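*Asks:* As annotated by Swiss-Prot, active site, charge relay system applies to LYS77, SER152, with the evidence given as sequence analysis. Per Swiss-Prot, active site, acyl-ester intermediate is recorded for SER176, and the stated evidence type is sequence analysis.
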Amino acid sequence: MDYFKTDLASLHADLVAKKISARELTQATFDNIKTTDAQVDAFLTLNEDAALKQATKIDEQGVATDQPLAGIPVALKDNIVTKGLKTTAASKMLANFNPVYDATVTEKLAQAQMITVGKTNLDEFAMGGSTENSAFKTTKNAWDYTKVPGGSSGGSAAAVASGQVLAALGSDTGGSIRQPAAFNGIVGLKPTYGRVSRWGLIAFGSSLDQIGPMTRSVKDNATMLSAIAGHDEHDLTSSTQPVPDFAADLTDATSVKGMRIGLPKEFLADGVADDVKQAILAAADTYRQLGATVDEVSLPHNKYGVAAYYIIGSSEASSNLQRFDGIRYGHRADDVKNLEDVYVKSRSEGFGDEVKRRIMLGTFSLSAGFYDAYFLKAAKVRTVIMNDFKAVLKDHDFIMGPVAPTPAFGIGDEIKDPITMYMNDVLTIPVNLAGLPGLSLPAGFSQGLPVGMQLIGRPFDESTLYKAGYAFEQNTDFHLQVPTLGGQH
C-alpha cells in the first residue's frame with residue numbers, strides 16, 4: 001500500500017467497493033512498517049495480532065459507508081492509553097505498563113472502526129522537542145535520517161511522513177504536534193483546549209495538554225478531528241461545544257476571499273531563519289492573491305511565553321508525576337532499605353534527565369517563598385498573552401506565521417543544551433498558554449527540509465483554520481512532496 005498516493009476518503013471508498021479488504025490493507029501496513037521502521041524508528045510497540053483480528057471482523061461485517069474512517073489503520077502516540085497494549089510514555093518508569101482501560105480518543109477511534117496498528121515513540125512523558133529524550137530509541141526525520149523528527153510527537157510525525165500510516169494521533173503541550181508536523185512536512189492540529197478529551201492521556205501539563213491529529217492533508221486532518229472531538233464526562237475540562245463535520249466544508253479553494261489575516265512582526269524577528277521567513281512571506285502573498293488581506297500585527301508579550309510556559313508546565317508536571325513513586329505506579333527499585341529509599345531509587349532509576357529537570361524546576365516554582373515570584377507571576381504573564389491574542393483576533397479571522405524558527409536540526413546537535421532546545425518552541429508555546437487552536441501545514445523547503453506554517457484561530461474555530469489551510473493547500477503543492485526516505489540534503 002502506497003500511502004503517498006491516496007487519502008482517507010479514497011481509501012475508504014476502495015474499502016467500501018471491496019477493491020481492497022481491511023485485512024489486506026492492515027497486513028500491507030504492517031509489512032511496510034517492518035520494511036521502513038528499522039531506519040525511521042517511529043514505533044515502540046506494534047499491535048499486529050489484535051489489529052488483524054479487528055480488520056477481519058470489519059470485513060465480515062462490511063465496511064460502513066457512513067463511517068469515513070472504517071477499516072483504516074491509525075497509529076497512536078505512546079502516552080495515550082490503550083487497553084491491553086503496552087503504554088510506556090517512552091519512559092523506563094512505565095516500561096511494562098499495560099493499561100486496563102482505553103483513553104476516550106482510543107474508544108472514539110474504535111467506534112469509528114479505525115484499526116490501531118501500534119504506538120509511536122516520543123520524548124519521555126512528552127517532555128522535549130526532538131524525540132531524543134525517549135528512553136528506548138531515537139526516531140529519525142523521514143526527509144533526512146541525520147535530522148530530528150521534532151517532538152514530542154516525533155514518532156507519530158515520522159510514521160505519517162514516511163508513509164507508514166495515513167493518520168496518527170499526537171499530543172501538544174507546547175508545540176508537540178505542530179513542530180514535528182512542520183519538521184516532517186505533514187499537517188498537524190493542536191485543537192482548542194477542551195475540544196478533545198484528555199481522559200487517558202498520561203498527564204504532563206493539565207492546563208496545556210491537548211490530543212490532536214497528524215495527517216498528510218488538511219482534509220484528512222479535519223476528518224480525524226471530527227472523530228475524536230466532543231464532550232466527555234470523564235474530563236470536566238472537555239467542552240460541550242457542538243462538533244461539526246469539519247471536512248464537509250472543505251470544497252472551496254478560494255474560501256479565504258475577504259478574510260483578514262494577522263501576521264505578527266514578532267514571528268519574523270531575529271532568530272527566525274531567512275528561508276523560514278521567505279516561506280511565510282510567500283504564503284502571505286498566496287493568501288493575498290486569493291483575495292485575503294494580510295496585516296502586520298503585534299503580539300508584544302510573545303517573548304515572555306517560553307519562560308511562563310516552563311514555570312507553569314513544569315509545576316503541573318511535578319504534581320502529575322508524583323504518582324510514579326514505585327508503590328502506586330511505575331518502576332520499583334530493588335535493594336531498598338526503607339520507604340524513602342523506595343521513592344528516591346525508583347524515581348532516580350525510572351525518570352530520565354529532562355523529566356528530572358522539569359520536576360525539580362516545578363517543585364522549586366511551587367515551593368514556599370517562591371510561589372509568588374515564579375508561578376503566580378507566570379500565571380499573570382499567561383493572562384497578558386491571552387489578551388494579546390484576543391485583541392488581534394477581534395479584528396482578524398486568524399493569525400499566520402512560522403511554526404519553528406528553523407527547519408529540523410541534527411540529531412545530537414541540541415540535546416545537551418536545554419535552553420536552545422526550549423527556544424525552538426517560542427512560536428508555538430503561546431498558543432497553548434492561550435488555549436487556542438493551531439494548525440501546522442507544509443509551506444516550503446529549506447535546503448531540502450520542510451518548513452511549516454502555523455495558523456492560529458479563535459477558540460473553537462478550527463473550521464476557519466481548516467478552510468484557510470485547505471485553500472493554501474489547493475493553490476500550492478508542498479503537501480504533495482514526499483521524502484526519498486532518509487535522503488540527506
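Just so it is clear, glycine is given a Cβ too, placed from its N, Cα and C backbone atoms.
Since this is a predicted model, take the numbers as computed values, not measurements.
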*Asks:* Far apart in sequence but close in space: which same-chain residues, 6 or more away, have a Cβ under 8 Å from SER176 (active site, acyl-ester intermediate)?
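*Replies:* Within the chain, SER176 (active site, acyl-ester intermediate) has Cβ neighbours under 8 Å at LEU122, ASP123, ALA126, GLY129, GLY151, SER152, SER153, GLY170.
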*Asks:* Using a 10 Å radius around its CB, how many other CB atoms surround LYS77 (active site, charge relay system)?
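*Replies:* A count of 31.
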*Asks:* For LYS77 (active site, charge relay system), what is the secondary structure state per DSSP, taken as helix, strand or coil?
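*Replies:* LYS77 (active site, charge relay system) sits in a strand per DSSP.
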*Asks:* Other than its own, how many Cβ atoms are within 10 Å of the Cβ belonging to SER152 (active site, charge relay system)?
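*Replies:* SER152 (active site, charge relay system): 34 neighbouring Cβ atoms within 10 Å.
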